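For reference, TrEMBL has these:
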type	residues	note
TRANSMEM	12-41	transmembrane segment
TRANSMEM	61-80	transmembrane segment
TRANSMEM	92-116	transmembrane segment
TRANSMEM	122-141	transmembrane segment
TRANSMEM	153-171	transmembrane segment
TRANSMEM	240-262	transmembrane segment
TRANSMEM	282-303	transmembrane segment
TRANSMEM	324-339	transmembrane segment
TRANSMEM	345-365	transmembrane segment
TRANSMEM	426-446	transmembrane segment
TRANSMEM	458-478	transmembrane segment
TRANSMEM	490-517	transmembrane segment
Amino acid sequence: MLNKPVLVESLIVFVIVLSVHAVVWDRYSWCAVALAVQAFYVQFKWDRLLQAGGAVFQFRAAANSGLLPASMVVPLLGITMKERCKSAGIVYFERFGIVVASTGMLVALFLSVIAVGITKPVPTNTCILTGVAGSIIIYTMKHSLTVSEVIEVLEVLLIFVYLSMILLYLLPRCFTPGEALLVLGGISFVLNQLIKRSLNVIEGRGDPIDFFLLVAVVGVVLLGLFFTVLFIFMDSGTWISSLFFHMMTAVLGLGVIMPWLYRLIQRNPLFWLLQFLFQTQTRIYLLVYWTFLAASACGVVFYQNAKRSSESKKHQASTITRKYFHFIVVATYVPGLIYDRQLLYVASVLCLAVFIFLEYIRYFRIKPFGQTLRYLLSLFLDERDSGPLILTHIYLLLGMSLPVWLFPRSCAPKGTLSGAGALVPYSGVLAVGVGDSIASVFGTTMGEIKWPGTKKTFEGTMTAIFAQIIAVALILIFDSSVNLNSSYAWILASVSLVSLLEAYTTQIDNLLLPLYLQIMFMV
(Lines of atoms letter the chains of each structure in order from A and count residues from 1; the text may use other names and numbers.)
(Lines give C-alpha, C1' and ligand atoms only; values in the text may rest on other atoms or scores of the structure.)
Protein backbone atom coordinates (compact mmCIF):
# COMPACT_ATOMS: atom_id res chain seq x y z
CA MET A 1 0.00 0.00 0.00
CA LEU A 2 1.37 3.40 -0.99
CA ASN A 3 2.09 5.96 1.70
CA LYS A 4 -0.23 8.96 1.19
CA PRO A 5 2.17 11.63 2.56
CA VAL A 6 4.89 10.33 0.24
CA LEU A 7 2.45 10.47 -2.68
CA VAL A 8 1.62 14.10 -1.90
CA GLU A 9 5.32 14.94 -1.52
CA SER A 10 5.97 13.31 -4.89
CA LEU A 11 3.09 15.22 -6.49
CA ILE A 12 4.52 18.52 -5.23
CA VAL A 13 7.95 17.64 -6.65
CA PHE A 14 6.38 16.74 -10.00
CA VAL A 15 4.55 20.07 -10.08
CA ILE A 16 7.83 21.90 -9.43
CA VAL A 17 9.61 19.89 -12.15
CA LEU A 18 6.87 20.57 -14.70
CA SER A 19 6.69 24.26 -13.69
CA VAL A 20 10.42 24.66 -14.32
CA HIS A 21 10.31 22.91 -17.67
CA ALA A 22 7.21 24.76 -18.79
CA VAL A 23 9.54 27.78 -18.87
CA VAL A 24 12.79 26.16 -20.10
CA TRP A 25 11.70 23.12 -22.13
CA ASP A 26 14.54 21.59 -24.16
CA ARG A 27 16.26 18.22 -24.63
CA TYR A 28 17.31 18.14 -20.95
CA SER A 29 13.68 18.43 -19.91
CA TRP A 30 12.96 14.98 -21.31
CA CYS A 31 15.83 13.65 -19.19
CA ALA A 32 14.58 15.39 -16.05
CA VAL A 33 11.00 14.13 -16.47
CA ALA A 34 12.21 10.57 -17.19
CA LEU A 35 14.46 10.72 -14.11
CA ALA A 36 11.56 11.95 -11.97
CA VAL A 37 9.25 9.15 -13.10
CA GLN A 38 11.76 6.38 -12.48
CA ALA A 39 12.86 7.91 -9.13
CA PHE A 40 9.19 7.93 -8.07
CA TYR A 41 8.93 4.19 -8.66
CA VAL A 42 12.33 3.36 -7.16
CA GLN A 43 11.55 5.43 -4.05
CA PHE A 44 8.82 3.02 -2.96
CA LYS A 45 11.08 0.03 -3.53
CA TRP A 46 13.70 1.60 -1.30
CA ASP A 47 11.09 2.46 1.34
CA ARG A 48 10.13 -1.21 1.41
CA LEU A 49 13.79 -2.15 1.84
CA LEU A 50 14.18 0.30 4.73
CA GLN A 51 11.07 -1.02 6.47
CA ALA A 52 12.21 -4.63 6.06
CA GLY A 53 15.76 -3.84 7.17
CA GLY A 54 17.13 -5.05 3.84
CA ALA A 55 19.22 -1.99 2.98
CA VAL A 56 22.98 -2.44 2.79
CA PHE A 57 23.72 0.52 5.11
CA GLN A 58 21.85 1.83 8.15
CA PHE A 59 19.87 4.93 7.19
CA ARG A 60 18.02 7.44 9.34
CA ALA A 61 14.85 5.97 10.82
CA ALA A 62 11.39 7.63 10.93
CA ALA A 63 11.80 8.98 7.38
CA ASN A 64 11.15 7.71 3.88
CA SER A 65 13.99 7.27 1.39
CA GLY A 66 13.46 10.72 -0.13
CA LEU A 67 14.92 9.59 -3.43
CA LEU A 68 12.59 11.59 -5.71
CA PRO A 69 12.96 15.06 -4.09
CA ALA A 70 16.73 14.59 -3.71
CA SER A 71 17.23 13.27 -7.25
CA MET A 72 15.73 16.37 -8.86
CA VAL A 73 17.63 19.08 -6.99
CA VAL A 74 21.01 19.03 -8.76
CA PRO A 75 19.63 18.45 -12.30
CA LEU A 76 17.16 21.32 -11.91
CA LEU A 77 19.88 23.59 -10.49
CA GLY A 78 22.10 22.81 -13.47
CA ILE A 79 19.32 23.37 -16.00
CA THR A 80 18.26 26.72 -14.51
CA MET A 81 21.91 27.82 -14.28
CA LYS A 82 22.42 26.86 -17.93
CA GLU A 83 19.42 28.93 -19.01
CA ARG A 84 20.49 31.96 -16.96
CA CYS A 85 24.03 31.91 -18.32
CA LYS A 86 22.83 31.22 -21.86
CA SER A 87 20.63 34.32 -21.79
CA ALA A 88 23.57 36.32 -20.41
CA GLY A 89 25.87 35.01 -23.17
CA ILE A 90 28.40 33.42 -20.78
CA VAL A 91 29.34 30.23 -22.65
CA TYR A 92 31.75 28.86 -20.01
CA PHE A 93 29.12 28.83 -17.25
CA GLU A 94 26.44 27.64 -19.66
CA ARG A 95 28.59 24.55 -20.26
CA PHE A 96 29.20 24.33 -16.51
CA GLY A 97 25.43 24.24 -15.94
CA ILE A 98 25.13 21.38 -18.44
CA VAL A 99 27.86 19.45 -16.59
CA VAL A 100 26.10 20.05 -13.25
CA ALA A 101 22.76 18.81 -14.63
CA SER A 102 24.36 15.76 -16.27
CA THR A 103 26.29 14.90 -13.11
CA GLY A 104 23.16 15.16 -10.95
CA MET A 105 21.19 12.93 -13.33
CA LEU A 106 23.90 10.27 -13.58
CA VAL A 107 24.55 10.08 -9.81
CA ALA A 108 20.79 9.88 -9.07
CA LEU A 109 20.36 7.21 -11.75
CA PHE A 110 23.26 5.22 -10.31
CA LEU A 111 21.67 5.31 -6.86
CA SER A 112 18.36 4.14 -8.35
CA VAL A 113 20.06 1.22 -10.10
CA ILE A 114 21.65 0.19 -6.79
CA ALA A 115 18.26 0.33 -5.05
CA VAL A 116 16.59 -1.76 -7.76
CA GLY A 117 19.48 -4.23 -7.79
CA ILE A 118 19.23 -5.07 -4.07
CA THR A 119 15.42 -5.32 -4.03
CA LYS A 120 14.14 -8.89 -3.78
CA PRO A 121 12.28 -9.97 -5.80
CA VAL A 122 13.61 -7.77 -8.58
CA PRO A 123 10.84 -5.30 -9.60
CA THR A 124 10.43 -5.87 -13.34
CA ASN A 125 8.38 -2.76 -14.18
CA THR A 126 10.69 -0.49 -12.19
CA CYS A 127 13.73 -2.00 -13.92
CA ILE A 128 12.18 -1.28 -17.31
CA LEU A 129 11.47 2.34 -16.31
CA THR A 130 15.00 2.75 -14.97
CA GLY A 131 16.42 1.35 -18.20
CA VAL A 132 14.30 3.72 -20.33
CA ALA A 133 15.27 6.73 -18.20
CA GLY A 134 18.94 5.71 -18.30
CA SER A 135 18.83 5.34 -22.08
CA ILE A 136 17.32 8.80 -22.51
CA ILE A 137 19.86 10.40 -20.17
CA ILE A 138 22.90 8.66 -21.69
CA TYR A 139 21.74 9.38 -25.26
CA THR A 140 21.29 13.08 -24.43
CA MET A 141 24.65 13.26 -22.65
CA LYS A 142 26.36 11.63 -25.64
CA HIS A 143 25.07 14.37 -27.95
CA SER A 144 25.55 17.24 -25.47
CA LEU A 145 28.87 16.75 -23.68
CA THR A 146 32.41 16.91 -24.95
CA VAL A 147 34.87 14.12 -24.15
CA SER A 148 36.47 16.12 -21.32
CA GLU A 149 33.03 16.87 -19.83
CA VAL A 150 32.07 13.18 -19.95
CA ILE A 151 35.29 12.33 -18.12
CA GLU A 152 34.49 15.00 -15.52
CA VAL A 153 31.01 13.57 -14.93
CA LEU A 154 32.41 10.04 -14.57
CA GLU A 155 35.07 11.30 -12.13
CA VAL A 156 32.35 12.75 -9.89
CA LEU A 157 30.45 9.45 -10.04
CA LEU A 158 33.59 7.51 -9.08
CA ILE A 159 34.30 9.83 -6.13
CA PHE A 160 30.64 9.55 -5.05
CA VAL A 161 30.77 5.74 -5.07
CA TYR A 162 33.88 5.52 -2.89
CA LEU A 163 32.83 8.38 -0.59
CA SER A 164 29.40 6.80 -0.06
CA MET A 165 30.86 3.40 0.84
CA ILE A 166 33.22 5.00 3.36
CA LEU A 167 30.95 7.56 5.03
CA LEU A 168 27.72 5.55 5.10
CA TYR A 169 29.66 2.73 6.80
CA LEU A 170 31.34 5.06 9.29
CA LEU A 171 28.23 7.15 10.01
CA PRO A 172 25.19 4.86 10.33
CA ARG A 173 21.70 6.40 10.75
CA CYS A 174 22.93 9.91 9.91
CA PHE A 175 21.27 10.14 6.48
CA THR A 176 18.33 8.95 4.47
CA PRO A 177 19.23 7.73 0.95
CA GLY A 178 18.03 11.07 -0.44
CA GLU A 179 20.06 13.10 2.05
CA ALA A 180 23.11 10.97 1.30
CA LEU A 181 22.60 11.68 -2.39
CA LEU A 182 22.52 15.44 -1.79
CA VAL A 183 25.29 15.73 0.80
CA LEU A 184 27.76 13.17 -0.55
CA GLY A 185 27.01 14.11 -4.16
CA GLY A 186 27.73 17.75 -3.33
CA ILE A 187 31.00 16.88 -1.59
CA SER A 188 32.02 14.69 -4.55
CA PHE A 189 31.37 17.50 -7.01
CA VAL A 190 33.28 20.03 -4.89
CA LEU A 191 36.27 17.66 -4.57
CA ASN A 192 36.29 17.08 -8.32
CA GLN A 193 36.15 20.83 -9.02
CA LEU A 194 39.02 21.48 -6.61
CA ILE A 195 41.20 18.81 -8.24
CA LYS A 196 40.35 20.11 -11.72
CA ARG A 197 41.12 23.72 -10.84
CA SER A 198 44.28 22.79 -8.97
CA LEU A 199 45.65 20.99 -12.02
CA ASN A 200 44.70 23.82 -14.39
CA VAL A 201 45.33 26.84 -12.21
CA ILE A 202 46.14 30.08 -14.04
CA GLU A 203 47.24 33.12 -12.09
CA GLY A 204 44.53 35.76 -11.88
CA ARG A 205 41.75 33.51 -13.17
CA GLY A 206 38.77 32.89 -10.92
CA ASP A 207 37.45 34.56 -7.80
CA PRO A 208 39.49 33.85 -4.61
CA ILE A 209 36.31 33.46 -2.55
CA ASP A 210 35.21 30.57 -4.80
CA PHE A 211 38.54 28.82 -4.22
CA PHE A 212 38.17 29.53 -0.51
CA LEU A 213 34.87 27.62 -0.43
CA LEU A 214 36.28 24.62 -2.33
CA VAL A 215 39.39 24.31 -0.16
CA ALA A 216 37.46 24.80 3.10
CA VAL A 217 34.87 22.11 2.31
CA VAL A 218 37.39 19.57 1.04
CA GLY A 219 39.81 20.39 3.87
CA VAL A 220 37.35 19.70 6.70
CA VAL A 221 36.08 16.51 5.02
CA LEU A 222 39.60 15.13 4.55
CA LEU A 223 40.42 16.13 8.13
CA GLY A 224 37.43 14.15 9.39
CA LEU A 225 38.30 11.07 7.32
CA PHE A 226 41.91 11.17 8.55
CA PHE A 227 40.94 11.29 12.23
CA THR A 228 38.18 8.71 11.81
CA VAL A 229 40.70 6.20 10.47
CA LEU A 230 43.28 7.21 13.09
CA PHE A 231 40.94 6.80 16.06
CA ILE A 232 40.02 3.29 15.01
CA PHE A 233 43.41 2.38 16.48
CA MET A 234 43.50 4.93 19.34
CA ASP A 235 41.20 5.94 22.17
CA SER A 236 40.18 9.47 21.17
CA GLY A 237 39.10 10.47 24.68
CA THR A 238 42.58 10.54 26.28
CA TRP A 239 44.75 13.63 26.72
CA ILE A 240 47.49 12.16 24.52
CA SER A 241 45.02 11.54 21.69
CA SER A 242 43.55 15.01 22.13
CA LEU A 243 46.99 16.61 22.00
CA PHE A 244 47.78 14.60 18.88
CA PHE A 245 44.44 15.74 17.34
CA HIS A 246 45.28 19.42 17.84
CA MET A 247 48.85 18.99 16.61
CA MET A 248 47.82 17.11 13.46
CA THR A 249 45.07 19.66 12.77
CA ALA A 250 47.70 22.40 12.82
CA VAL A 251 50.05 20.34 10.64
CA LEU A 252 47.38 19.51 8.06
CA GLY A 253 46.02 23.05 8.09
CA LEU A 254 49.35 24.85 7.76
CA GLY A 255 51.15 22.16 5.75
CA VAL A 256 48.47 21.06 3.28
CA ILE A 257 45.39 23.28 3.20
CA MET A 258 47.18 26.65 3.34
CA PRO A 259 49.70 25.80 0.57
CA TRP A 260 46.85 24.39 -1.53
CA LEU A 261 44.91 27.64 -1.19
CA TYR A 262 48.07 29.65 -1.83
CA ARG A 263 48.56 27.83 -5.14
CA LEU A 264 45.01 28.65 -6.21
CA ILE A 265 44.81 32.34 -5.24
CA GLN A 266 48.54 33.12 -5.74
CA ARG A 267 48.87 35.03 -2.45
CA ASN A 268 49.19 34.34 1.27
CA PRO A 269 45.74 33.05 2.37
CA LEU A 270 45.91 34.54 5.88
CA PHE A 271 46.95 37.98 4.66
CA TRP A 272 44.29 37.84 1.93
CA LEU A 273 41.61 36.87 4.47
CA LEU A 274 42.54 39.63 6.94
CA GLN A 275 42.68 42.21 4.18
CA PHE A 276 39.31 41.03 2.86
CA LEU A 277 37.55 41.03 6.23
CA PHE A 278 38.66 44.52 7.26
CA GLN A 279 38.65 46.14 3.83
CA THR A 280 35.83 48.62 4.51
CA GLN A 281 34.18 50.20 7.52
CA THR A 282 30.90 48.50 6.64
CA ARG A 283 32.57 45.12 6.96
CA ILE A 284 33.93 45.99 10.39
CA TYR A 285 30.44 47.02 11.56
CA LEU A 286 28.96 43.78 10.20
CA LEU A 287 31.64 41.66 11.90
CA VAL A 288 31.01 43.37 15.25
CA TYR A 289 27.25 42.88 14.83
CA TRP A 290 27.68 39.20 13.91
CA THR A 291 29.96 38.67 16.92
CA PHE A 292 27.18 40.03 19.14
CA LEU A 293 24.64 37.65 17.55
CA ALA A 294 27.02 34.68 17.96
CA ALA A 295 27.39 35.57 21.65
CA SER A 296 23.58 35.75 21.94
CA ALA A 297 23.25 32.26 20.42
CA CYS A 298 25.78 30.91 22.91
CA GLY A 299 23.82 32.66 25.68
CA VAL A 300 20.65 30.81 24.63
CA VAL A 301 22.52 27.48 24.77
CA PHE A 302 23.92 28.16 28.24
CA TYR A 303 20.60 29.49 29.56
CA GLN A 304 18.64 26.45 28.37
CA ASN A 305 21.23 24.12 29.90
CA ALA A 306 21.06 26.03 33.18
CA LYS A 307 17.29 25.43 33.20
CA ARG A 308 17.91 21.73 32.63
CA SER A 309 20.33 21.61 35.58
CA SER A 310 17.88 23.36 37.92
CA GLU A 311 14.92 21.08 37.16
CA SER A 312 14.46 17.69 38.71
CA LYS A 313 12.87 16.12 35.62
CA LYS A 314 14.65 15.77 32.32
CA HIS A 315 14.43 19.01 30.38
CA GLN A 316 14.46 19.11 26.59
CA ALA A 317 14.44 22.22 24.42
CA SER A 318 11.05 22.86 22.81
CA THR A 319 10.42 23.44 19.13
CA ILE A 320 9.95 27.16 19.77
CA THR A 321 13.29 27.33 21.63
CA ARG A 322 15.08 25.68 18.71
CA LYS A 323 13.55 28.24 16.36
CA TYR A 324 15.35 31.01 18.29
CA PHE A 325 18.41 30.00 16.32
CA HIS A 326 16.51 30.37 13.05
CA PHE A 327 15.64 33.95 13.93
CA ILE A 328 19.22 34.67 14.99
CA VAL A 329 20.45 33.33 11.64
CA VAL A 330 17.92 35.51 9.79
CA ALA A 331 19.18 38.53 11.71
CA THR A 332 22.70 37.51 10.65
CA TYR A 333 22.07 36.93 6.95
CA VAL A 334 19.72 39.77 6.01
CA PRO A 335 22.17 42.65 6.71
CA GLY A 336 24.91 40.70 4.93
CA LEU A 337 22.70 40.20 1.87
CA ILE A 338 21.78 43.87 1.77
CA TYR A 339 25.16 45.49 2.49
CA ASP A 340 27.96 43.05 1.57
CA ARG A 341 27.24 39.67 -0.01
CA GLN A 342 30.90 38.84 -0.59
CA LEU A 343 31.63 39.23 3.12
CA LEU A 344 28.62 37.06 3.94
CA TYR A 345 29.92 34.44 1.50
CA VAL A 346 33.34 34.24 3.17
CA ALA A 347 31.97 34.48 6.72
CA SER A 348 29.49 31.64 6.11
CA VAL A 349 32.29 29.44 4.74
CA LEU A 350 34.38 30.14 7.85
CA CYS A 351 31.38 29.42 10.06
CA LEU A 352 30.76 26.11 8.29
CA ALA A 353 34.38 25.06 8.82
CA VAL A 354 34.16 26.01 12.52
CA PHE A 355 30.87 24.12 12.98
CA ILE A 356 32.25 20.95 11.41
CA PHE A 357 35.50 21.20 13.40
CA LEU A 358 33.53 21.59 16.67
CA GLU A 359 31.44 18.56 15.69
CA TYR A 360 34.68 16.59 15.30
CA ILE A 361 35.71 17.68 18.80
CA ARG A 362 32.30 16.64 20.19
CA TYR A 363 32.13 13.34 18.28
CA PHE A 364 35.69 12.21 19.13
CA ARG A 365 35.41 13.57 22.72
CA ILE A 366 38.56 15.66 22.24
CA LYS A 367 39.71 17.26 25.48
CA PRO A 368 39.18 19.78 26.97
CA PHE A 369 35.85 20.69 25.30
CA GLY A 370 34.56 17.46 23.76
CA GLN A 371 32.53 16.20 26.70
CA THR A 372 31.20 19.69 27.45
CA LEU A 373 29.94 20.08 23.90
CA ARG A 374 28.25 16.69 24.12
CA TYR A 375 26.39 17.77 27.24
CA LEU A 376 25.42 21.23 25.96
CA LEU A 377 24.18 20.12 22.55
CA SER A 378 22.31 17.02 23.74
CA LEU A 379 19.55 19.37 24.95
CA PHE A 380 18.72 20.39 21.37
CA LEU A 381 18.57 16.93 19.79
CA ASP A 382 15.47 15.81 17.91
CA GLU A 383 14.46 12.69 16.00
CA ARG A 384 16.59 13.71 12.99
CA ASP A 385 19.79 13.39 15.07
CA SER A 386 19.49 9.62 15.46
CA GLY A 387 23.05 8.88 14.28
CA PRO A 388 26.40 9.51 15.94
CA LEU A 389 26.67 13.02 14.44
CA ILE A 390 24.60 16.12 15.30
CA LEU A 391 23.92 17.70 11.91
CA THR A 392 20.79 19.87 12.25
CA HIS A 393 22.70 23.07 13.05
CA ILE A 394 25.09 22.39 10.14
CA TYR A 395 22.10 21.81 7.84
CA LEU A 396 20.61 25.12 9.02
CA LEU A 397 23.82 26.93 8.09
CA LEU A 398 23.98 25.12 4.74
CA GLY A 399 20.35 25.90 3.94
CA MET A 400 20.92 29.61 4.54
CA SER A 401 24.27 29.69 2.74
CA LEU A 402 23.77 27.53 -0.35
CA PRO A 403 21.66 30.15 -2.20
CA VAL A 404 24.45 32.68 -1.53
CA TRP A 405 27.18 30.29 -2.67
CA LEU A 406 25.28 29.02 -5.72
CA PHE A 407 24.09 32.44 -6.90
CA PRO A 408 25.27 32.75 -10.55
CA ARG A 409 27.22 35.97 -10.07
CA SER A 410 29.06 35.71 -13.40
CA CYS A 411 25.77 35.35 -15.29
CA ALA A 412 24.05 38.26 -13.56
CA PRO A 413 24.48 41.83 -14.86
CA LYS A 414 26.25 43.85 -12.16
CA GLY A 415 25.82 40.96 -9.74
CA THR A 416 22.00 41.10 -9.70
CA LEU A 417 19.13 39.33 -11.44
CA SER A 418 15.77 40.83 -12.30
CA GLY A 419 12.35 39.37 -11.62
CA ALA A 420 12.02 36.50 -9.16
CA GLY A 421 15.72 35.76 -9.77
CA ALA A 422 16.59 38.81 -7.69
CA LEU A 423 15.36 36.87 -4.64
CA VAL A 424 17.69 33.88 -5.25
CA PRO A 425 20.20 34.84 -2.49
CA TYR A 426 17.25 35.26 -0.10
CA SER A 427 15.93 31.72 -0.73
CA GLY A 428 17.40 30.37 2.50
CA VAL A 429 16.12 33.31 4.54
CA LEU A 430 12.60 32.93 3.12
CA ALA A 431 12.29 29.13 3.12
CA VAL A 432 14.06 28.26 6.38
CA GLY A 433 14.52 31.44 8.38
CA VAL A 434 10.98 32.74 7.87
CA GLY A 435 8.75 30.01 6.42
CA ASP A 436 9.89 26.94 8.36
CA SER A 437 10.24 28.89 11.62
CA ILE A 438 6.82 30.52 11.44
CA ALA A 439 5.19 27.24 10.39
CA SER A 440 6.70 25.46 13.40
CA VAL A 441 5.87 28.18 15.92
CA PHE A 442 2.28 28.83 14.82
CA GLY A 443 1.62 25.18 13.99
CA THR A 444 2.74 24.12 17.47
CA THR A 445 0.90 26.84 19.39
CA MET A 446 -2.23 27.49 17.32
CA GLY A 447 -2.56 24.69 14.74
CA GLU A 448 -5.56 22.39 14.95
CA ILE A 449 -6.23 21.16 11.40
CA LYS A 450 -3.52 18.65 10.46
CA TRP A 451 -2.52 17.83 6.91
CA PRO A 452 -3.59 14.21 6.23
CA GLY A 453 -0.95 11.71 7.30
CA THR A 454 1.41 14.28 8.88
CA LYS A 455 1.97 16.17 12.14
CA LYS A 456 2.09 19.51 10.28
CA THR A 457 -0.94 21.81 10.42
CA PHE A 458 -2.87 23.78 7.83
CA GLU A 459 -2.60 26.92 9.99
CA GLY A 460 1.17 26.63 10.19
CA THR A 461 1.56 26.31 6.40
CA MET A 462 -0.78 29.21 5.61
CA THR A 463 0.94 31.43 8.18
CA ALA A 464 4.33 30.50 6.70
CA ILE A 465 3.20 31.52 3.19
CA PHE A 466 1.81 34.81 4.50
CA ALA A 467 4.99 35.52 6.49
CA GLN A 468 7.21 34.91 3.44
CA ILE A 469 5.11 37.30 1.32
CA ILE A 470 5.55 39.96 4.02
CA ALA A 471 9.29 39.20 4.07
CA VAL A 472 9.45 39.72 0.27
CA ALA A 473 7.73 43.10 0.68
CA LEU A 474 10.27 44.10 3.35
CA ILE A 475 13.14 43.00 1.09
CA LEU A 476 11.74 45.25 -1.65
CA ILE A 477 11.71 48.16 0.78
CA PHE A 478 15.20 47.74 2.25
CA ASP A 479 17.20 46.23 -0.65
CA SER A 480 17.27 48.65 -3.58
CA SER A 481 19.00 46.09 -5.84
CA VAL A 482 15.89 43.86 -5.90
CA ASN A 483 13.58 44.47 -8.87
CA LEU A 484 10.78 41.92 -9.23
CA ASN A 485 9.39 43.17 -12.58
CA SER A 486 5.80 42.18 -11.78
CA SER A 487 6.69 38.50 -11.20
CA TYR A 488 4.52 38.43 -8.08
CA ALA A 489 2.29 35.52 -9.19
CA TRP A 490 5.34 33.29 -9.79
CA ILE A 491 6.81 34.25 -6.39
CA LEU A 492 3.52 33.43 -4.64
CA ALA A 493 3.29 30.08 -6.46
CA SER A 494 6.92 29.25 -5.62
CA VAL A 495 6.54 30.09 -1.95
CA SER A 496 3.28 28.13 -1.73
CA LEU A 497 4.71 24.99 -3.36
CA VAL A 498 7.80 24.97 -1.16
CA SER A 499 5.68 25.55 1.96
CA LEU A 500 3.51 22.57 1.02
CA LEU A 501 6.67 20.53 0.49
CA GLU A 502 7.76 21.50 4.02
CA ALA A 503 4.47 20.15 5.37
CA TYR A 504 4.86 16.73 3.75
CA THR A 505 8.56 15.95 3.47
CA THR A 506 10.34 13.83 6.06
CA GLN A 507 13.76 14.83 4.73
CA ILE A 508 15.93 17.54 6.32
CA ASP A 509 13.86 20.60 5.38
CA ASN A 510 16.68 23.00 6.29
CA LEU A 511 18.62 21.59 3.33
CA LEU A 512 15.89 20.74 0.83
CA LEU A 513 13.54 23.73 0.94
CA PRO A 514 16.03 26.54 0.13
CA LEU A 515 17.31 24.62 -2.89
CA TYR A 516 13.83 24.12 -4.34
CA LEU A 517 12.90 27.75 -3.71
CA GLN A 518 16.15 28.83 -5.38
CA ILE A 519 15.33 26.65 -8.40
CA MET A 520 11.88 28.23 -8.73
CA PHE A 521 13.26 31.76 -8.39
CA MET A 522 16.06 31.16 -10.92
CA VAL A 523 13.59 30.11 -13.61
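FYI, residue positions are counted from 1 along the chain as it appears here.
Including glycine, each Cβ sits where the backbone N, Cα and C put it.
With a cut-off of 8 Å on Cβ pairs spaced 6 or more residues apart, the transmembrane segment (122-141) and the transmembrane segment (12-41) reach 3 or more such pairs and are scored as touching.
Residues 198, 211-212, 215, 219, 222-223, 226-227, 230-231, 234, 268-270, 357, 364, 366-368, 370 of the same chain, all 6+ positions outside the transmembrane segment (240-262), place their C-beta atoms under 8 angstroms from a C-beta of that stretch.
Sequence-remote contacts of a segment are chain residues at least 6 beyond its ends whose Cβ falls under 8 Å from one of its Cβ atoms, and for the transmembrane segment (61-80) they are 3, 6, 9-10, 13, 16-17, 20-21, 24, 28-29, 31-32, 35-36, 39-40, 42-43, 46-47, 50, 97-105, 107-108, 111-112, 115, 173, 176-179, 181-182, 185-186, 189, 383-384, 386, 406, 501, 505-507, 512, 515-516, 518-519, 522-523. Long-range contacts of the transmembrane segment (345-365) within its own chain (CB-CB distance under 8 A, at least 6 residues past either end) are made by residues 209, 212-213, 216-217, 219-220, 223-224, 227, 231, 236-237, 241, 245, 249, 273, 276-277, 287, 290, 336, 371, 373-374, 377, 388-391, 393-394, 397-398, 400-401, 404-405.
Taking residue pairs at least 6 apart in sequence, the transmembrane segment (282-303) and the transmembrane segment (490-517) share fewer than three C-beta contacts under 8 angstroms.
Same-chain neighbours of the transmembrane segment (458-478): 338, 423, 426, 429-431, 434-436, 438-440, 442-444, 446-451, 484, 491-492, 495-496, 499-500, 502-503, counting only residues six or more beyond its ends whose CB sits under 8 Å from a CB of the stretch.
For the transmembrane segment (426-446), the list of distant contacts is 318-320, 323, 326-327, 329-330, 333-334, 337, 396, 399-404, 456-457, 459-461, 463-465, 467-468, 471-472, 475, 495, 498-499, 502-503, 509-510, 513-518, 521: same-chain residues at least six beyond its ends, Cβ to Cβ under 8 Å.
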